[in-house]
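The block underneath contains the structure these notes are about, expressed in structure tokens.
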Amino acid sequence: MFPYPTLNYPPMAPINPMAYRDPNPPRQVAPFRPPLAAQIEDLRRSIANLTLKQRAPNPPAGPPAKRKKPAPSLSLETKKKRPPPPAKKQKRKPKPGKRQRMCMKLESDKTFPIMLNGQVNGYACVVGGRVFKPLHVEGRIDNEQLAAIKLKKASIYDLEYGDVPQCMKSDTLQYTSDKPPGFYNWHHGAVQYENNRFTVPRGVGGKGDSGRPILDNKGRVVAIVQGGVNEGSRTALSVVTWNQKGVTVKDTPEGSEPWSLATVMCVLANITFPCDQPPCMPCCYEKNPHETLTMLEQNYDSRAYDQLLDAAVKCNARRTRRDLDTHFTQYKLARPYIADCPNCGHSRCDSPIAIEEVRGDAHAGVIRIQTSAMFGLKRHGVDLAYMSFMNGKTQKSIKIDNLHVRTSAPCSLVSHHGYYILAQCPPGDTVTVGFHDGPNRHTCRLAHKVEFRPVGREKYRHPPEHGVELPCNRYTHKRADQGHYVEMHQPGLVGDHSLLSIHSAKVKITVPSGAQVKYYCKCPDVREGITSSDHTTTCTDVKQCRAYLIDNKKWVYNSGRLPRGEGDTFKGKLHVPFVPVKAKCIATLAPEPLVEHKHRTLILHLHPDHPTLLTTRSLGSDANPTRQWIERPTTVNFTVTGEGLEYTWGNHPPKRVWAQESGEGNPHGWPHVVVVYYYNRYPLTTIIGLCTCVAIIMVSCDHPCGSFSGLRNLCITPYKLAPNAQVPILLALLCCIKPTRADDTLQVLNYLWNNNQNFFWMQTLIPLAALIVCMRMLAALFCCGPAFLLVCGAWAAAYEHTAVMPNKVGIPYKALVERPGYAPVHLQIQLVNTRIIPSTNLEYITCKYKTKVPSPVVKCCGATQCTSKPHPDYQCQVFTGVYPFMWGGAYCFCDTENTQMSEAYVERSEECSIDHAKAYKVHTGTVQAMVNITYGSVTWRSADVYVNGETPAKIGDAKLIIGPLSSAWSPFDNKVVVYGHEVYNYDFPEYGTGKAGSFGDLQSRTSTSNDLYANTNLKLQRPQAGIVHTPFTQAPSGFERWKRDKGAPLNDVAPFGCSIALEPLRPENCAVGSIPISIDIPDAAFTRISETPTVSDLECKITECTYASDFGGIATLPTNPVKQETVQFIVHQVLQLLKRMTSPLLRAGSFTFHFSTANIHPAFKLQVCTSGITCKGDCKPPKDHIVDYPAQHTESFTSAISATAWSWLKVLVGGTSAFIVLGLIATAVVALVLFFHRH
């Protein structure tokens, strides 16, 4: 009523009326408080008044009472001697409630610790007959029976699992997929579930809690904790849950850490230490850069490398923003470098912004460029507004505004970080990156085709403003992303001639402060060494020495364009900032097609804005798929049958349509109208029928005329010999009657023996064959009859009703189950969905490969050799006679004695985590169905049933067995490929036999396993003189080639209207074959006839009817029940379906019901309680040619012929009237002939 609530303040004593009051007191304006805060404050005060204290009663009206003066003696004593303050009462720990205690007891009984070195490292829980143990938790389960179980590894979920012993299966926790938002229980209290994330207050839970279950109020497991990450005041948990189909799902927040108690150890100079606590704490990169890089290199393969890197980078840094601190400070361990660029705008050169790699695997034209310059970093720290590059031997920083990227036109910079640039570029064949440094301009161009990759089935060229969201690939800035690294190492030696000078006729090596220099001198003996201070050699010419500045305080990218350092060099790694991830992108939505319906014809008027894909398939046994790109406005026609047609236009969802038995004419009209009606429905059959009728009529007319004419001539021949002889009409008719005479059996056999002995023996063998057949039937009856009767008896005792229903979703099966002495019970079974779940075996995963080219080893004035390394498709080759230069200066003394060892191998690209294909072998599977059942008063009970003919399903008190399918069919071949959300039948090569340039050239069992196989035809080439690089040739990616030529998925070409789903791999709702059903209905569902309501004066009248339509029939049923109550209607025919099966009947009135039928003349028996009536009528064809639901159709021509058509047909070819007319015609013809002959 009011915009703000009235506050109820606590009662106060009334103001003394005799006290002095200002006649004009200032108005005190109460501070404004929002309505919600006011309500909360009001509620708090009310609760405080009611529960916390009892307020004193209000003083009576009048002057205030006099206050007593305090005694002075007491105040002095109080000042002198104060009592000690009372001891603070210790707060009692709140006891857990009943619900929490129950969950704690369940957890303690079903959760077992995992022991490692005498301490608890994590937990394993028993759920649903299996024991689950986190894979990252090492140790042994503290239970003898569970510890003896052989566990299977599921690395994708970071779990190990195994079946518990039979004696423990009854005492396990149950899981549930229902997770409504709210609070759940675990060992440390409450867990909040909101926005699909489990969170706890920060500081609750941590190392050692991995494997603990999260329970709901009923004690069911909703998740298993594996780790967590701090997010502000709360901690987000990394958990494993289950979806609605019982499939395990892993939910890991970004940056989560496993919560195993065991600390992963790292190593440095044979000393082990916790990876998150380096030994020289607070030893940081800023204090000891070389030692820090060495420590990281020695722990390159440690699974706690990220913790060590984080500790080394941030150990003395002040608190900053989390994303900036985690990401950008890592690259302070690296520096830019100068490398070879194939095209610097004029020719090949050594560029400070050389392009290492260009990746364009994201959608919407976004590319990622890796260069030799660095972005977002200055020489001494992080600054997003700057970029740094090598200006000769020194590092220089400039504003990022000087950077430019272009293809065929300038690109838009999206982000930059480390060595990487993220840009959105127009299509082009080359990528150019450059910057301006005052008057100097540095560019590098690389041949790379950039394309705008649209999402979905429409080839748009620019990101749309609005449309539909579809899955796509994007580059994102992920924090501490496991598995996406860029490989680094300490740079090799770089010659610096500025360090050499002539001093007192000798070559002097000048060492910068705090640096080391390695030198080679040949005068005439070769001398080499490392010095950290100025050094004078015995050489007299600068050309006789080479000086190399040792830079061991920074990493550089492990590039094939830089020489590798001498000796055994270790490698480091940093996180790739822009990693590909799955995301949602806006795709265009083509204008809806203008649809026109004709008889069994669908006409689509299409008006695409850009090339749009149109696919169609039939929903019958022959899919007959079509696939075409529509680039301009056009009109397409498709034939639609009763089996249905599915078409998909662009990014719109697929639509299914069915043809109705519509047509011109009327099956209940005159002959020409009936012919028009059937000609539209069955043109070929109608033409054949009409031709047959015409032929029968012509033969019927010609044959009697010719016969009568011949018989007349025979009859009047004797009279022609006598002149003026007249034949009476009656005699002429009697002459036409052919005389007959019957022979006995002996005469017939005698005739056959004398004239046709073959036919004689045939006639004799017929009785013998009949006798043999009868004897065989009697023998089979006595032998197999009792067993057959026993089987039938057992079947009848086990199941009340058996039938066969079509395997079509949405079309119900209806029947009437009768028992003697009981009223019939209506039974309805409807398939909600069907699933064929095959047994699959994942052979391997394939994806796009990435060629890794390490820095080459250049051996000056000597030879080197290759060693084998366990890398897929590893290639190594030594080239002699190389003469490399480094930024304009010679790298080696010798001219032809130098050697270079080039290496290259293949690894997974970063996109493999989101863009890969899985190769499966598919075997025979099981069929499951969800059915809705109605019997008697029990309505719509749903159940999941195995369609195998063996496994029963309980539905209420009824027992149902369905199956097996009449046709063991599956849309899958023996080998299928799953790519994204689509499935393809493809005969892929076996594991380990992939060929270069084809599907399977890169294979691994999982997306993270080390069993990588590759065959890419990688060949190393000889490097060019004067350039440090590693040229090679290689076959194009077979995975990318397969993606271009993969064809249409099974969702577009599978027959019988199958829909292909994943997790697990299965086809759904395939309308193939039929399903036997057997149901045992309990006795409680039947009603005795004496207790059944009675209805009298039944009369059924069909007022309107349209066959093959969705409840197109309307019938009226006048009723006069004994008493007003709800009764049930039962139809005895399967082809008639009632829309409503129960209805209240009044004392005197009528009931109108809708029904669906496929017959032209519906005639079905309708039973109301114990009374029955037959409903008959005529139905007209539907007016709608095409509908969006499956309609019922007659399957044979004879059942589709109306009674009117049969009547006209009988009249034409064989009715009684036809014989009468033909007899009259014959009589008239004979009479006319005799009359004209007489005269």
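Each residue, glycine too, has its Cβ placed from N, Cα and C.
Source: prediction; values computed, not measured.
Annotated features in Swiss-Prot:
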- 79-101: compositional bias 'Basic residues' (COMPBIAS)
- 110-259: domain 'Peptidase S3' (DOMAIN)
- Tyr184: site 'Involved in dimerization of the capsid protein' (SITE)
- Asn217: site 'Involved in dimerization of the capsid protein' (SITE)
- His477: site 'Interaction with host receptor VLDLR' (SITE)
- Lys478: site 'Interaction with host receptor VLDLR' (SITE)
- Arg479: site 'Interaction with host receptor VLDLR' (SITE)
- Lys553: site 'Interaction with host receptor VLDLR' (SITE)
- Lys554: site 'Interaction with host receptor VLDLR' (SITE)
- 682-702: transmembrane segment (TRANSMEM)
- 755-775: transmembrane segment (TRANSMEM)
- 777-797: transmembrane segment (TRANSMEM)
- 1216-1236: transmembrane segment (TRANSMEM)
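Lys554 (site 'Interaction with host receptor VLDLR') and His477 (site 'Interaction with host receptor VLDLR') have their C-alpha atoms 24 Å apart, to the nearest angstrom. Here the C-alpha separation of Asn217 (site 'Involved in dimerization of the capsid protein') and Tyr184 (site 'Involved in dimerization of the capsid protein') works out to 7 Å. Sequence-distant neighbours of Lys553 (site 'Interaction with host receptor VLDLR') (same chain, six or more apart, CB under 8 Å from its CB) are Pro289, His290, Leu293, listed in sequence order. Local packing around the Cβ, expressed as the count of other Cβ atoms within 10 angstroms, is greatest for Lys554 among the recorded sites His477, Lys554.
With DSSP states grouped into helix (H, G, I), strand (E, B) and coil, the domain 'Peptidase S3' (110-259) comes out at 11 helix, 77 strand, 62 coil. For the recorded sites Tyr184, Asn217, the ranking by surrounding Cβ atoms (within 10 Å, all protein chains) places Tyr184 first.
Cα of Tyr184 (site 'Involved in dimerization of the capsid protein') to Cα of His477 (site 'Interaction with host receptor VLDLR'): a span of 33 Å. Confidence for the domain 'Peptidase S3' (110-259), expressed as mean pLDDT, is 86.
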